[in-house]
Amino acid sequence: FLISGHGTKGVFELLSGWRRTRENLPFKDRVADAYSDVMVSYTMTSSLYFIAFGMGASPFTNIEAVKIFCQNMCVSILLNYFYIFSFFGSCLVFAGQLEQNRYHSIFCCKIPSAEYLDRKPVWFQTMMNDGHQHTSHHETNPYQHHFIQHFLREHYNEWITNIYVKPFVVILYLIYASFSFMGCLQINDGANIINLLASESPSVSYALIQQKYFSNYSPVIGFYIYEPLEYWNGTVQEDLKTLCQGFNTVSWIEQYYQYLRVGNISATNKSDFISILQSSFLKKPEFQYFKNDIIFSKAGDENNIIASRLYLVARTSENTQREVVELLEKLRPLSLIQSIKFIVFNPTFVFMDHYGLSVTMPVLISGFGILLVLILTFFLVIHPLGNFWLILSVTSIELGVLGLMTLWNVDMDCISILCLIYTLNFAIDHCAPLLYTFVLATEHTRTQCIKNSLQEHGTAILQNVSSFLIGLVPLLFVPSNLTFTLFKCLLLAGSCTLLHCFVILPVFLTFFPPSKKHHKKKKRAKRKEREEIECIEIQENPDHVTAV
């Protein structure tokens, strides 16, 4: 789904560049013009994709799933780029040959003449017509007849740049920014493990009941001592009590000490401690289940305890997951500095460890990605304001997706992190051509510049985003919470990008720099100079007035 968004963007942009070329040109020149018009920006955005996902595939990423996914994305981006650059270009050459020789693009047969088609039924005319009106002269831009292009030029451009519409767009953006900011403030560094399960699985029912009735207790934590220890030593016993303080414990050690105190039995040395443990304590029916918690080894006639385990349960408040993460952060350093070598573990800790870094990681990667965009495009753009507007647009889209997905109850799991990284590239892919065309335009007014930018790139952007969003529909029917998370995040990414390209940027670019006055002054100076030259010619050559 992610690679399709970038791939179809290249296809629609190249197809749009092809349609903007003149039909009377040789097909080789048409392909050359289309490539020169599109492939520079597409190469830059593909490079940014490769760099962003290359960061995710680097050793700096500490989540293996994200690393593997980013590696696959890098390979896919390379294959996709060479596909657009080679195979799809060959398809354009073939299509150009068909058009030049008046062959049908589907059936590859000669298109009948207009007189012959007029004598045939309507269905035959519809099937065999090539869609162009062939006259004695070729139009300057046949792409103007495309229905999306016609809608943008004749209706949408005039409406979005209307002075009465602009205040409502500003209010809309303030609402968008407010909800995004509100969502960003509500981000927490935890996630619901239920979202990792299939929607209708029995595990979901279990997890919901457990959270509803027993959420004030942490998971059962395994406390594993993995080296021989002098359990009969009073100092060791005090260290164990200190480590287990604050927990409800299920421990053979506590039960054994209790058994010794009740029976008034002394076991202050190794031989007595292990002998009583094996021959008396573990023989009792009520303590037999502790046999699996103690690992003995025999060296000659002497028995040793080489490893043992006990279980801890912490009482927590409603925010169980956050408290368990904090608990892990306290217990694990102790395992490195204490004289007792132990490990604490529960299967849910795998997800706890992951979610502990889920908030900082996308923010850091996104921030670093925006910085890379600024650096890489600084030397490629004539006007520095192009960089400035691109960074503002990408930041606005990224924060909007982050905030709105939080309000939509999307947790910070591996899927949402990958979608946030992808949103950065998706926004650049669509905003960059629009912004740079506007910045480098030479029309008299900003309004005319943004109209021309929308006419040039609006069709390709709308086609790609629409295809991308339609392609997400099957995700709604997959019974998986992770897949539904993917749908939510990508839907927000496409919607926010479409909102900025067609609503927010066309209005805000008419308010703020870059100014187009210097272009107007240059044109006036050129026109004045041309008028003076013409006047001189008229005065010196009165016979050539008609020619002038």
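Cβ atoms are placed via backbone N, Cα and C, with glycine included.
For 1-94, the entry in TrEMBL reads domain 'SSD'. Marked as transmembrane segment by TrEMBL: 39-61, 73-95, 163-185, 363-382, 389-409, 415-439, 460-478, 490-512.
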Report yes or no: does the transmembrane segment (415-439) come within contact of the transmembrane segment (73-95), defined as 3 or more CB pairs under 8 Å with a sequence separation of 6 or more?
no
Which residues of the chain, 6 or more past the ends of the transmembrane segment (460-478), have a CB below 8 A from one of its CBs?
1, 4-5, 8-9, 12-13, 15-16, 148, 430, 433-434, 484, 486-487, 490-491, 494-495, 497-498, 501-502
Paired segments the transmembrane segment (163-185) and the transmembrane segment (39-61) in contact, 3+ CB pairs under 8 A:
no
Taken over the domain 'SSD' (1-94), the model's mean pLDDT:
82
For the transmembrane segment (490-512), could you work out the same-chain residues 6 or more beyond its ends whose Cβ comes under 8 Å from its Cβ atoms?
1-2, 5, 156, 160-161, 165-166, 169-170, 172-173, 176, 389, 393, 396-397, 400-401, 404-405, 408, 419, 422-423, 426-427, 430-431, 434-435, 438, 446-447, 449-450, 454, 458, 461-462, 465, 468-469, 472
